[in-house]
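Feature annotations, reproduced from Swiss-Prot:
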- His118, His122, His128: Zn(2+) binding site (BINDING)
- 156-183: region 'Disordered' (REGION)
Amino acid sequence: MSIEIANESGVEVPEPSIVSVARFALDKMSVSQLAELSIVLVELDVMSDLHERWMDLPGPTDVMAFPMDEYDSSRRPDSAGAGPALLGDIVLCPAFAKDQARKAGHSLLDELHLLTVHGVLHLLGYDHAEPEEEREMFGLQNQILADFRAAKAAAEREQAQRSADSAVLGAVGLEEQDGPGTH
């Protein structure tokens, strides 16, 4: 799965983490490994221009999704047997998201994760214009984020345990040495 990211926002963000949550969401939605996605982080004025041009709404917003193809609702890219797909672009505005994160009481990175998953779901054909659509999309978004956080925490615990085990083994001279004959 190819995920390109470009930070043109002037705000320093951990780009690999944004790519990671996008990949996790696409995997959870069973999107083909041949799919391609682009994520662009932009400044407030750029987002304002995009928001007005494409949504006819004034001012900036947090996330916009631009699908490359119109998908038949019965043939979304997350449906079984879907082949390669150029999903489209997700545009994030970290400066706008920073204020939302503060109001929500969480970090900018948590907000960018949420917005990335939100954008992925829009590219896959989900929407929240109607109450039932909103329940489905936001429920799925929250589940993907909870699963992502749980998987990340489990990986961090496993890495910490490996480091602790290595330190103990090294202290007693039993740690494996890299070199010929070792794995």
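Heads up, residue numbers simply count up from 1 along the chain you see.
Cβ coordinates are placed from backbone N, Cα and C, and glycine is handled just like the others.
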Out of His118, His122, the listed binding-site residues, fewest other Cβ atoms within 10 Å surround the Cβ of His122
Using a 10 Å cut-off, grab the number of neighbouring Cβ atoms around the Cβ of His128 (Zn(2+) binding site), all chains included. 16
Starting from the Zn(2+) site formed by His118, His122, His128, give every other residue of that chain whose CB sits within 8 Å of the mean position of their CB atoms, in sequence order. Val63, Ala65, Gly119, Leu121, Tyr126, Asp127, Met137, Gln141
Tell me the coarse DSSP state (helix, strand, coil) of His128 (Zn(2+) binding site). coil
